[in-house]
Amino acid sequence: MRRLDYEAAIERIVDFIRRKVREAGVSGVVIGISGGVDSATTAFLAVRALEREKVLGLIMPYYDNGDLEDARLVCETLGIECRVISIKPIVDSLVSQLGFEPDRKTLGNIMARARMILLYAYANSMNRLVLGTSNRSEFLTGYFTKWGDGASDYAPLINLYKTEVWAIADRLGVPKRIIEKEPTAGLWKGQTDEDELGINYKLLDEILWRLIDLKKSPEEIAKELEIPIEKVEHVEKLVKTSEHKRRLPVGPTFDDLIAGP
Ligand SMILES: Nc1ncnc2c1ncn2[C@@H]1O[C@H](COP(=O)(O)OP(=O)(O)OC[C@H]2O[C@@H]([n+]3cccc(C(=O)O)c3)[C@H](O)[C@@H]2O)[C@@H](O)[C@H]1O
Ligand SMILES: Nc1ncnc2c1ncn2[C@@H]1O[C@H](COP(=O)(O)OP(=O)(O)OP(=O)(O)O)[C@@H](O)[C@H]1O
Ligand SMILES: [Mg+2]
C-alpha cells in the first residue's frame, strides 16, 4: 500500500476544514454521526480544526441497536453538541406513500437520503456546512447512496483509503471500540461493507491504489498481489459502473449546432 505521512495528512485535513469554513463565512459544520469510524474520524478532525461549539453532530437512527451508544460515545468524547433524531417516522411515512413495497436496498437508500435532508435543514438554518464522511475506497467503488450519504459540501476523507482512515482514527484518539467495529452501512440487519462489496478493504485498497493511482493493468496487479485476475476485474467493474456517481448530472451539448450569434 502507498506509504502516507499520517501526521502530515491530519494537519492538511485540519487546515482544509478550517479554511473552507472561513472562506464560506459560515458559523460551523454539521456531521451525521453513525457510531462508525468514518463519521467519528471526520468529527475528530473537525474539532481539531474548529472550536467544539462549531461542530454539531446529528445522530439519526432508524433501527434500535447498539450504534446509538457508539454515536453518543463519539459526541461525549469530543464534548460536541449532539442531537438525536429518529428517521423511522420520516422513512416509514415516506414508504407508506410510495405505492409499492421497496426492497431492502431501495429502503436503505431512502434512509440515507432522509439523513441528507435533515443535515441540510440544520446547515441552512444554522448557517453551517455539511461535512461528508465518504472515503476514497467507497467513492471509487460507488459504495454510497447517490445524493444521500454521498451528498455534502466538503468531504475531508475523500482522498484517503479506508485502511488509511483506520490509521488516522487511531492517531486522533478515536475510541478503539469504534475503530475495531466491522464497517457497515447499517441499512439492514446483518449488512457489512465487505460482504456487499465482495472483497475485504485491505485487498480492495491494494487493488484500487494500483489500478487508479498507479494506472497498472489488471494482469500486472493480479501477478503482483498473487491473486486471481477475476478479483481485480471485479474491482475494475465496480469503478466503471459507478462513474455516474462521481459527477454532477450531464446533458447533451449544442456547440456544433450553433450557427452564429
Ligand atoms: N449509468 C448510469 N448513469 C446515470 N445514472 C445512473 C446510471 N446507473 C444508475 N444510475 C442511477 O443511480 C441509481 C443507483 O444509485 P443509488 O441510488 O446510489 O443506489 P445503489 O448504488 O444501487 O445502492 C447504494 C449502495 O451503496 C451502499 N451504501 C449506501 C449508503 C451508505 C453506505 C455506507 O457505506 O455507509 C453504503 C448500499 O448498501 C448500496 O449497496 C439508479 O437508480 C439510477 O437512478
Ligand atoms: N444512524 C446514523 N446517524 C447519523 N448519521 C448516519 C447514520 N448512519 C449513517 N450515517 C451517515 O452516513 C455516513 C455513511 O455511513 P458509513 O457506514 O459509510 O460510515 P461510518 O458508519 O461512519 O463508518 P463505517 O463505514 O466504518 O461503518 C456516516 O458516516 C454518517 O455520516
Ligand atoms: Mg457505518
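Positions of Cβ are set from backbone N, Cα and C atoms, glycine also.
Bear in mind that TrEMBL entries carry predicted annotations, made automatically and left uncurated.
Among the candidates Arg104, Arg113, Arg210, the one that TrEMBL lists alongside Lys146, Asp153, His244, Lys245 as binding deamido-NAD(+) is Arg113.
Of the listed candidates (Thr141, Thr145, Thr184), TrEMBL assigns Thr184 to the same ATP site as Gly32, Ile33, Ser34, Gly35, Gly36, Val37, Asp38, Ser39, Thr133, Lys162. When the binding-site residues Asp38, Arg113, Thr184, Lys245 are screened for a Cα within 10 A of the Cα of Glu138 (Mg(2+) binding site), none qualifies. Residues Gly32, Ile33, Ser34, Gly35, Gly36, Val37, Asp38, Ser39, Thr133, Lys162, Thr184, recorded as binding ATP, reach a greatest CA to CA spacing of 18 Å. Within 10 Å of its Cβ, the residue among the binding-site residues Arg113, Lys146, His244, Lys245 with the fewest other Cβ atoms is His244.
Taking all protein chains in view, 24 other C-beta atoms sit within 10 angstroms of the C-beta of Asp38 (ATP binding site). Put simply, of the binding-site residues Lys146, Asp153, His244, Lys245, the one whose Cα is nearest the Cα of Gly32 (ATP binding site) is Asp153.
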